[in-house]
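As written in TrEMBL, here are the features:
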SIGNAL    1-24  signal peptide
BINDING   Gln52, Gly85, Arg86, Gly87, Leu129  GTP binding site
BINDING   Asn226, Asp240  Mg(2+) binding site
BINDING   Asn291, Gly348, Ile349, Val350  substrate binding site
Amino acid sequence: QSHPPFLLRALVLSPMLLVAQSQAFQFTSRRWLNLQEYQSKKLMSDYGVRVQRFFVADSANEALQADKRLNAKEIVLKAQILAGGRGKGVFNSGLKGGLAEQMIGYNLATKQTPKGGVKVNKVIVAEALDIARETYLAILMDRSCNGPMLVGSPQGGVDIEELVASNPELIFKEQIGIFEGIKDSQAQRMAENLGFLGPLKNQAADQIKKLYNVFLKVDPSQVEVNPFSETPEGQVVCFDAKINFDDNAEFPQKNIFAMDNKSENEPIENEAARYDLKHIGLDGNIACFVNGAGLAMATCDIIFLNGGKPANFLDLGGSVKEAQVYQAFKLLTADPKVEAILLSIFGGIVNCAIIANGITKACRELELKVPMMVRLEGTNVQEAQSILSSSGLPITSTIDLEDAARKAVDNVSKK
């Protein structure tokens, strides 16, 4: 769903969530809005950035009509899914690129998708342009300098992640002043570092400044172009585009966030989002029911360290209401993988008594059939423990997170 974070981002950003050391599961945070390539290109084109002429099609017939409208010597078809490495991907139709009827409606598997791939619902039908040379360019929010960072490499393309690890000296960065904006000298220097020569250097610098204008106008966390290339005819063109947003941009950029159709999300994630809950699916059998991403990661790790595997984690966030707790339990109990639930809440902003009332209501109405371990700390924890102990429900209270994890693993192991 999702777009995995790029390794290059790790050069300049602290990670949104620390990845657990366990090799038993993988997940991708859904905090980011990731636009499809065609959406990103449309935004960039609106601000004067040069992209290929293209149309979007969701059927083979529409692709044929788009080809006629382009009236180009040659066209290229690009599958629209939220994953990189599509050029090296394989369709479950057996196709490795080329025909719309063997792309639309089939799954495309790349190194950034689940094993079974992701279903392609749309393709870009674009004018094909020759590429003389590929480079990489991105503008990111960098926490270390509390502002934007321009990042580039003279070697772009599908293997950019490997380049970061093998040749870090080929990664160039320019810190952009949040008040001054990008300077002509910075754009020129980056264009030169990317290997653009003669008239192409000025042209590339102009495109870099226009990309920064996009960054200012639409409030993204990242604008990435790979490849940022030159053609044999002497044009600098953005051949691919990814624009990502975090939740802070939703209020000022409602039109952009309305583009997110969530078609690549798991249904349970979309259902959780309806109640302002964050759900991330894993591959174990112990559900983690927590408040806060840091606690979620700690809970996943401690389950693993005690010999278990998390089935998911579901984050209640800060301002929790009783109805949310009920809906959260409804989601967890509907997951056939879940054989036990570990609920770990630290009541700072959250009132533990509200959580306890939600737990007892959910257990009674949903007739909870899997064991549940509860660890509560913080605001009104004594009242919460009293509510749970007097409920008459089969809920196991625990001393601390370690105790909760151990008991959850023991309950699953007995089955």
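For all residues, glycine too, the Cβ spot is worked out from N, Cα and C.
Automatic prediction, not curation, is the source of TrEMBL annotations.
With respect to their backbone Cα atoms, Asp240 (Mg(2+) binding site) and Ile349 (substrate binding site) stand 43 Å from each other. A distance of 49 Å separates the Cα atom of Ile349 (substrate binding site) from that of Gln52 (GTP binding site). Of all the binding-site residues listed here (Gln52, Asn226), the one with the fewest other CB atoms within 10 A of its own CB is Gln52. The least crowded of the binding-site residues Ile349, Val350, judged by other CB atoms within 10 A of its own CB, is Ile349.
Gly348 (substrate binding site) and Leu129 (GTP binding site) are 56 Å apart (CA-CA, integer value). Between the C-alpha atoms of Gly348 (substrate binding site) and Asn226 (Mg(2+) binding site), the distance comes to 43 Å. Gln52 (GTP binding site) and Asn291 (substrate binding site) have their C-alpha atoms 45 Å apart, to the nearest angstrom. Taking CA atoms as the reference points, Asn226 (Mg(2+) binding site) and Asn291 (substrate binding site) are 37 Å apart. Taking every protein chain shown into account, Leu129, Asp240 are the binding-site residues, and of these the Cβ with the most other Cβ atoms within 10 Å belongs to Asp240. Counting other CB atoms no more than 10 Å from each candidate's CB, the binding-site residues Asn291, Gly348 peak at Asn291. In this entry, substrate is bound by Asn291, Gly348, Ile349, Val350, whose most widely separated C-alpha atoms sit 10 angstrom apart.
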